[in-house]
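K.L.:
Pasting the relevant annotations from TrEMBL:
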SIGNAL    1-26  signal peptide
TRANSMEM  58-75  transmembrane segment
DOMAIN    93-309  domain 'TLC'
TRANSMEM  102-127  transmembrane segment
TRANSMEM  147-167  transmembrane segment
TRANSMEM  179-205  transmembrane segment
TRANSMEM  225-242  transmembrane segment
TRANSMEM  280-305  transmembrane segment
REGION    313-356  region 'Disordered'
COMPBIAS  318-331  compositional bias 'Acidic residues'
COMPBIAS  340-350  compositional bias 'Low complexity'
Amino acid sequence: MKHTWVNPLAICLIVVAIYLTNPSKSNPVYPALFLSYPLPQAPGDDKPLQYGKGKLDFAFVSFYTVFLSFTREFLMQRLIRPLAIKAGIKSRAKQSRFMEQFYTAIYFSIFGPYGLWVMSRTPVWYFNTTGMYEGFPHKTHEAVFKAYYLLQASYWAQQMIVLVLLLEKPRKDFQELVAHHIITLLLIGLSYRFHFTYMGLAIYITMDVSDFFLATSKVMNYVDSPIMGPYFCIFLFAWAYFRHYINLKVMYSITNEFMTVGPFELNWETQQYKCTLSQFITFALLAALQAVNLFWFFLILRIAYRFAVHREAKDERSDDEASDEEVEVEVEMEKKGKKASNANGKAVAAEAKKAR
């Protein structure tokens, strides 16, 4: 597992090398590296360049899924593992968990603020649900919006690959995590295809911010940070606010503003997809996502109770890491036992030779 970053790096370098042979839009790998479908701009128009959507966007998402696979493995193995060792984390199981959460914190420390900045440039700021439906369908976006949306799609696709290939040790909530990722990918794909990207932007941010606080609180727990208690309270508030209050606010808007703001019809020619069918599908997927989040919130509240009463902040989703440590100790003792046995055997043989 030490060099799991080599293969994705090789793929990325090959794609970049192919592009450098002909660095232009005519190059077949251009859509993998850069955004596709820029729209013509009128002379003197100082508005940001708009981009449409199309099949070539799959190439962009695919390449950056591989790129994020490289960055994840490289940072974890080359940067974060030494930090774990320096912090005194000896168990391989705990090192792996520390590395996973540290990388997650790095990612969302970038994409959380990036998402909020993108949102500030749209009618959806600050989680303005009316802006999600005004001017529908939202078929074009400026570069920073489209890049954010597709890069996030790459991240969640890469996370799904991590689960499928079991690159992380499965937790007790493995099934819920798989369900969460499937729902998330369905929401991403459908919202992009049917132009509900403003709503998707809001949901992205609720997950980005809450996941940042989740990851950092777990990192602090692994290193026994003295501010773990107060920080856990901040995380608890962030999770409840973003994952539940804001998400429920969006779900409520689907029951009213979805129908009353902007056109409400199904017309494939004009790409008007805000209709009864899409309303039902969107609400159902967000409700399913909310159910998984409520399950995790219940576990978080149990952790909070145990921390407040027993001063214990153990992640209930993780398997017993003590057992991993015991296995490592047993393996080490077994190795030492074999060495001692071999040494004793050699000594006995030597004595026998002398006796002869």
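Glycine residues also receive a Cβ, built from the backbone N, Cα and C atoms like all the rest.
Let's see these features in context: how buried, what's close, how far.
P.N.:
Under 8 Å from some Cβ of the signal peptide (1-26) lie the Cβ atoms of residues 32-33, 63, 66-67, 69-70, 72-74, 77-78, 167, all in the same chain and six or more residues away from its ends.
Residues 4-5, 8-9, 11-12, 15, 29, 31-36, 103, 106, 150-151, 153-155, 157-158, 161-162 of the same chain sit 6 or more residues outside the transmembrane segment (58-75) yet have a Cβ under 8 Å from a Cβ within it.
Sequence-distant contacts of the transmembrane segment (102-127) (same chain, six or more residues past either end, CB-CB distance under 8 Å): 72, 75-76, 80, 83-84, 134-135, 142, 144-145, 148, 151-152, 155, 198, 201-202, 204-205, 208-209, 211-212, 214-216, 219, 246, 249-250.
Tertiary neighbourhood of the transmembrane segment (225-242): same-chain residues 205-207, 209-210, 213-214, 216-217, 297, 300, 303-304, 307, 313, selected by CB-CB distance under 8 Å and a gap of 6+ residues from either end.
Residues 173, 176, 179-180, 183-184, 186-187, 190, 196, 199, 203, 232, 236, 239-240, 243-244, 247-248, 250-251, 254-255, 258, 313-317 of the same chain, all 6+ positions outside the transmembrane segment (280-305), place their C-beta atoms under 8 angstroms from a C-beta of that stretch.
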